[in-house]
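Read through the structure below, which is laid out as structure tokens, and then see the notes.
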Amino acid sequence: MAKETFNRSKPHLNIGTIGHVDHGKTTLTAAITKVLSDAGYCQAKSFDQIDNAPEEKERGITINTSHVEYETANRHYAHVDCPGHADYVKNMVTGAAQMDGAILVVAATDGPMPQTREHILLGRQVGIPRMVVFMNKVDMVDDEELLELVEMEIRDLLSFYEYDGDNGPVVQGSALGGLNNDPAWVPKIIELMEACDSWIQEPIRDTEKPFLMPVEDVFTITGRGTVATGRIETGICNTGDPVEIIGMGAEKLTSTVTGIEMFRQILDRGEAGDNAGILLRGVAKEDIKRGMVIIKPGSVKPHAKFKAEVYILKKEEGGRHTPFHNNYRPQFYVRTTDVTGVIMLPTGVEMVMPGDNLTIDVTLLSPIAMSVGLRFAIREGGRTVGAGQVTEITE
């Protein structure tokens, strides 16, 4: 009996494989597509197809990423796999692939390694809510006690970084065995996907969050008033809704939406993802400028001080050729505009080299609307020298 064709009615989640180099992330990705394609849920992708990751540009940074999609009985997944460690760091920090959950791959032969730890920490910093563990290469370890020890070590590490190490699923298997259709290991791949289905939660969709639209442009329509255009980032906006306009150092403005224009038609509502023009009552064109945001009243506040997890580009990536020191003052490109900010380095860090990834303190010269998870590029003279996201608002 043929399985039904792909349908969009299943909930969609973004996940990815993370973990130390050579622990089997790409092999596992290939095994998942193989086992699920045998069940009729997707097309299988070979190791080489996944490993040969195309280059992508995200916020001015080149990243190699492979995208694979597959379905389980309950969900549709978009899965990212990166060939190199630097690609993972860049991917997670820039949010090129926003992950709703991750599969942490740890080889039973090695146990947790430095990049295992680093990826868990990054996941915590960039807000990956939950992780499922796949202990790989279990077929190469014949000591049950050793397997138990490795599992305990992984659970402790997850707990250390504030994940639920005690209750999170750990599946012991062999990615290569699953890929090669070995009857001992195929069920473990199925078990892993069931664990993803049950443990990784569906994210709150953008349309369910409060309304927010960054302003890209402003103009006047004679007889109608002021229109601000942009792409609605989150939420839904209806005609008649009260809104606030904040950011760029200006006093908070309040207004009412008198219409929403899309494709040269006036509509009653706009939602996340729409490019729209919002007609605002009683607001002069001079009062709004690019870089401000229009929001549901009270949902976001402007802030100027925050902590952030950042990746600084290497020279070969078009970044700086030299390190920078404390009190470095680049521009922070947030949503639609540049704001100058001052970077304070962590205690004990003298300078930051191109290619580094670290946590910094930033003070912007003018406050902008922000919440934890907000992404930005760091620019200098119009070129991107780094990227990051807000991990904590300090003032």
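We count from 1, first residue shown onward.
Backbone N, Cα and C atoms are what each Cβ position is placed from, and that goes for glycine too.
Annotation comment: Swiss-Prot describes 19-26, 81-85, 136-139 as GTP binding site. Applying an 8 A CB threshold to same-chain residues 6+ apart, the list for Lys25 (GTP binding site) reads Thr17, Ile18, Gly19, Asp81, Val105.
Under 8 Å, Cβ to Cβ, and six or more positions away along its own chain, Thr26 (Mg(2+) binding site) finds Thr17, Phe47, Ile50, Asp51, Ser66, Asp81, Pro83. Positions annotated as Mg(2+) binding site by Swiss-Prot, on the basis of sequence analysis: Thr26.
Residues or ranges marked as domain 'tr-type G' in Swiss-Prot: 10-204.
Secondary structure counts, DSSP: the region 'G1' (19-26) has 2 helix, 1 strand, 5 coil. The feature region 'G1' is assigned by Swiss-Prot to 19-26, with similarity to another entry given as support.
Positions annotated as region 'G2' by Swiss-Prot: 60-64. The list of residues near the region 'G2' (60-64) in space but at least 6 beyond its ends in sequence, with Cβ under 8 angstroms from a Cβ of it, reads 53-54, 82-84, 87, 90-91, 94, 96, 311, 313, 317-318, 377, 379, 383-384, 387.
Along the region 'G3' (81-84), the predicted structure has mean pLDDT 82. Per Swiss-Prot, region 'G3' is recorded for 81-84.
In the region 'G4' (136-139), helix, strand and coil residues by DSSP number 2 helix, 1 strand, 1 coil. Feature annotation from Swiss-Prot assigns region 'G4' to 136-139; the stated evidence is similarity to another entry.
Long-range C-beta contacts of Val138 (GTP binding site), restricted to its own chain and to partners at least six residues apart, with a cutoff below 8 Å, comprise Ala108, Leu147, Gln172, Gly173, Ser174. DSSP assigns His85 (GTP binding site) to a helix in the three-state reduction. Set side by side, the binding-site residues Asp22, Cys82 differ in how many other CB atoms lie within 10 angstroms of their CB, and the most is found at Cys82.
Least crowded of the binding-site residues (Gly19, His85), judged by neighbouring Cβ atoms within 10 Å of its own Cβ: His85.
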